[in-house]
Amino acid sequence: MSRPSSVSPRQPAPGGGGGGGPSPCGPGGGGRAKGLKDIRIDEEVKIAVNIALERFRYGDQREMEFPSSLTSTERAFIHRLSQSLGLVSKSKGKGANRYLTVKKKDGSETAHAMMTCNLTHNTKHAVRSLIQRFPVTNKERTELLPKTERGNVFAVEAENREMSKTSGRLNNGIPQIPVKRGESEFDSFRQSLPVFEKQEEIVKIIKENKVVLIVGETGSGKTTQIPQFLLDDCFKNGIPCRIFCTQPRRLAAIAVAERVAAERRERIGQTIGYQIRLESRVSPKTLLTFCTNGVLLRTLMAGDSTLSTVTHVIVDEVHERDRFSDFLLTKLRDLLQKHPTLKLILSSAALDVNLFIRYFGSCPVIYIQGRPFEVKEMFLEDILRTTGYTNKEMLKYKKEKQQEEKQQTTLTEWYSAQENSFKPGSQRQRTVLNVTDEYDLLDDGGDAVFSQLTEKDVNCLEPWLVKEMDACLSDIWLHKDIDAFAQVFHLILTENVSVDYRHSETSATALMVAAGRGFASQVEQLISMGANVHSKASNGWMALDWAKHFGQTEIVDLLESYSASLEFGNLDESSLVQTNGSDLSAEDRELLKAYHHSFDDEKVDLDLIMHLLYNICHSCDAGAVLIFLPGYDEIVGLRDRILFDDKRFADNTHRYQVFMLHSNMQTSDQKKVLKNPPAGVRKIILSTNIAETSITVNDVVFVIDSGKVKEKSFDALNFVTMLKMVWISKASAIQRKGRAGRCRPGICFRLFSRLRFQNMLEFQTPELLRMPLQELCLHTKLLAPVNCPVADFLMKAPEPPPALIVRNAVQMLKTIDAMDTWEDLTELGYHLADLPVEPHLGKMVLCAVVLKCLDPILTIACTLAYRDPFVLPTQASQKRAAMLCRKRFTAGAFSDHMALLRAFQAWQKARSDGWERAFCEKNFLSQATMEIIIGMRTQLLGQLRASGFVRARGGGDIRDVNTNSENWAVVKAALVAGMYPNLVHVDRENLVLTGPKEKKVRFHPASVLSQPQYKKIPPANGQAAAIKALPTDWLIYDEMTRAHRIANIRCCSAVTPVTILVFCGPARLASNALQEPSSFRVDGIPNDSSDSEMEDKTTANLAALKLDEWLHFKLEPEAASLLLQLRQKWHSLFLRRMRAPSKPWSQVDEATIRAIIAVLSTEEQSAGLQQPSGIGQRPRPMSSEELPLASSWRSNNSRKSSADTEFSDECTTAERVLMKSPSPALHPPQKYKDRGILHPKRGTEDRSDQSSVKSTDSSSYPSPCASPSPPSSGKGSKSPSPRPNMPVRYFIMKSSNLRNLEISQQKGIWSTTPSNERKLNRAFWESSMVYLVFSVQGSGHFQGFSRMSSEIGREKSQDWGSAGLGGVFKVEWIRKESLPFQFAHHLLNPWNDNKKVQISRDGQELEPQVGEQLLQLWERLPLGEKNTTD
């Protein structure tokens, strides 16, 4: 079936059709939503409905109607699918007149509660002070008004292109003649590959043509050999060359480069190299570079001349159609005209040949056969027939089919019966299939207009009613008893019998018997009562067929005209569905019908897979089994069945090896799976589509193909991202089948019918058609000619995205100020195009630089750009524990972003202590994800340095841009600036969340905000309770997903209204954005709409501040004016920083930031939001050698002495010097400063001259930064001060006797065990403060706390009454009184398995918040117990 050009019809149905949608297995998977029943209908209907709805969504129609011939179950299916796609569906009418309409949502329908903002006195004071000192200037005001004319685009373009020297590009090099290839152990293997036979033909065709398509089956050798053919030919003929070969996956680029280098007996980085996002191994000698599509694209952004020295570009695996490959081909096609010597080779296993021939203009195609053995194919009907698989539902359906057959027999007797010859026998209750009313199949609140019982309600009727109705219908038909109609109408009107009631023995309805007997007035009566003219009897006849068969011409005319009026204007999609029914035998058709009525095939039938697997293992030869599943949940579910739940397998685990393949899984399976198993052991591989092309397992003989894949797609109409389970393409199905014939003939079991296969897409939907295009639209402006609109350039793509999606993406870029009205990139836009993250995350990072809270935002942005580090637990029982882990990391801050940040920081601490793997398992985190995030931070920070946002020294250095990193309110302001327009508002009256386009939004179950802080069982109305618990009326979110018809938001944070007012909306507000109370009125709301005069009066006194079409605030006139001016100061500061990132900050700039921070902090406190500690801590020291893909951060030389320690992404040599310099005054936690707890002499005086410490081996402070060890400057030097802006650390010190503590208090010294020394020294260096809390073992008390004031030396004290203690260090005692343990019973330490703080070993570190709370307990001691020292 051909795909409509605009969009894939393969959008899933949440209960069927084209893919298991969000409802059964929403993002992250797991079970159907509560209250949703499976909807089981024929495949033909599912496919037709999907096509119709997709065409409607992307077309210009506002409304669409479906025919009344649909059954209630089919209507239910359409309701659920429509709702999951963000459409509004309604059923109207009764009986035969019941039809369904689908409408597009109108954003204007969204009602919302009033948006207000009440400022505290301190906030007003802070803004007034700023404005009085530095008023908004005319220049600032003018710059922030909407532009009225276009600037000199050519000048700006040239300047900005020069400015944006992006990282991650391929190096410039000149073509050279390759060296001769070396002989290797792989030579004989190379010569056995199918592609080897065509070497001369391939080289010749490439020489003669600019573009060549090569289609070769997986395993034919095209990826590794074709680039080598070109190198060898150039060596042989003395021709210089330089080749780029792109791969869609990073791992593939590395693996192929390493393999090719090995085949040529070279080291990687010589003739053969690779470059991916975080790593490169290339040199000036490199002539063949393997890279990702994204890397080549970024190279092209530097200008068309970047390919002037390249001779060949090979784009491999083109069939994957990721957005970068399609985009790349668009640009390369243009460049072929400019570079006459450039050759382009497209290579793939399943290329859409005709599409690319058309696109590149009749270029030659080379086909390379693989060497697989024959693979037998079995579709669903074949599997059901040969294995005899059945289940309870299938048996039930078959029983009901027998009942239907009996009805047909009785019907036939009716048709042939003579009048008066048939006497009705005893009527029995009918037991036909009970299909629930369409609205029972939906979740709460279908469209509620449906009150009539459906035609399937006979089971609900009492036996006497069934008997009476059967008797009446029999009399009408057999005796032509017209008077019986009076009783039928009476029962329909008074006893709630359906007008479409079916005779229990024949399935005939009143309309059918009236039509067959020619009772015209009764037919009209029944139609007016809502009878369904499309209802069919058990033999498939409708009322019209009865009338035709029995020659009732008047009735035929009546029914035909009525049917025509019903169907007028409705879409007839049946012609689009290639039913091809003649291919199916009656037996197969029945088997499929029974199966589809028993199981919703939009999910994956694990029962059927287990049945198949058992059959293979007990009746087939040896050979590995490869099972293709859509995602993580299905893989784990099936694995658990095999290993634990199914006794047929669980009792024989020694006979199987189960492997799991998934791109995100923490598993070494991907290497182990390639090895052959021991004799007598069968390998069972559970895999996603990663095993289609990326990983080849040679001993696979059996493939079980679920036919499903999980695809992330962006709905540009509703701005929602959906993770959908969808049907694979035919090309993928063929690839999967080919995996079975690698070593000998195999079998491929397909869990879908031939009909489904025939209606699959030929090829996968290009990513360009299903992903957000903002990033590509930015790139388009750098790749396309200056005056070329984005849409025009993207229209040149092999399959252009729908204009609507491009329009929406461009609009989003305008919304976030990356583009102006004329689609020209703004100053911000040029910087965003340079950053290797999505535009909104890039904006977040740039705002963080200006707000000086970079570090936490770097971590959060990279996490959002990559993926959630929290993994789904393997065991279902652990899912609750996983949620609690996530919640614990939020520290009560009402923020999922906080959980991401603190999880990363805690992982880094665990890593520095050497137990990161156990930490990840315990906290359900992905180690690999964390490591990638570190690499992404490195790259992002490198780009910020290159652009001048982070300087090497002085103002704007790494310390300066982290001045406010410890202030969570400021960090959230940067989040808000980046997340806009992803906002929701709390409607307190109705306890619902509303968005710009959504009346009702819910928290995704994975969000910590979805679970209010209840210690016992959560309340039944969880969402309402969660909303009620929110401290503010505003939330930001990262992603909106749709599970069924409800929009869910995930990764949310509660924020204050003032943050929204200052950081959301466009920088350039219209001059009338602020309306004073006198001129303000609410459009469209009559004056009498208010409930009381008082309310009218109150509202009338408020000013209105309109930030965009949705954000309309009503607030006091003074507050509105102050906030508008604060906005203007912020946006003009941000604009100045974008124009000149390296320029020193002015007095105005500094004052503006100080005022903003004061406002944010005050309002945060006023809202009751907590300020967790430790969020600004810099990344801990970490050896880059331990990280994957890290060589781009490593020095090519070996590491030198500690004085030359290599610093991380975050520390330049210059900064290292700064770190040794005297520290500014340290800032203790405000609470202690106010209470006078801390030593009054604490400051710089006692430390400013202390400049170095003893040299430490570099291995103790491995790379990326944060805590270098400066070299020693001589013996006996004092310790320098700890680093400012670093977190406070807390440790428990256990003493074996009280005497040691008395000595410590007298002399101000302490010693600990050698095992604790390194940990404390490191903490002393990394932190602004280290507190030690003392407890004598067995005393039941804490005996006070001190702060550490020097590093631990080598000198030992003879005073201690304990053996085994190490060197002495200085401490300053702050509190010396005893605190009973019962005071601290409520404090649990997350860093010690959530044990109570008193249950700590010597040297146990406390989580910062817990430590802070513990120290505060001394303030609560009764007065008589206090004994504070100076």
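Each Cβ is built from the backbone N, Cα and C atoms, and glycine gets one as well.
Here is what Swiss-Prot records for this protein:
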type	residues	note
MOTIF	316-319	motif 'DEAH box'
REPEAT	506-538	repeat 'ANK 1'
REPEAT	539-571	repeat 'ANK 2'
MOD_RES	Ser1089	phosphoserine
MOD_RES	Ser1090	phosphoserine
MOD_RES	Ser1092	phosphoserine
MOD_RES	Ser1202	phosphoserine
MOD_RES	Ser1263	phosphoserine
MOD_RES	Ser1267	phosphoserine
MOD_RES	Ser1281	phosphoserine
BINDING	Lys1294, Ser1295, Ser1296, Trp1310, Trp1360	RNA binding site
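Feature map: annotations from Swiss-Prot on the structure.
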| residue | record | Cβ neighbours (10 Å) |
| --- | --- | --- |
| Lys1294 | RNA binding site | 16 |
| Ser1295 | RNA binding site | 21 |
| Ser1296 | RNA binding site | 16 |
| Trp1310 | RNA binding site | 26 |
| Trp1360 | RNA binding site | 20 |
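Among residues of the same chain six or more beyond the motif 'DEAH box' (316-319), those with a C-beta under 8 A of the stretch's C-beta atoms are 222-223, 245-248, 252, 325, 329, 346-352, 356, 693, 731, 763-764. Spanning the listed RNA site, residues Lys1294, Ser1295, Ser1296, Trp1310, Trp1360 have a farthest Cα to Cα distance of 14 Å. The secondary structure of Ser1296 (RNA binding site), as reduced to three states from DSSP, is coil rather than helix or strand. For the recorded RNA site, residues Lys1294, Ser1295, Ser1296, Trp1310, Trp1360 set the reference point as the centre of their Cβ atoms, and the other residues of that chain within 8 Å of it by Cβ are Met1293, Asn1297, Asn1300, Leu1301, Ser1311, Thr1312, Phe1334, Val1336, Ser1362, Leu1365, Asp1402. Note on the repeat 'ANK 1' (506-538): mean pLDDT across this stretch is 82.
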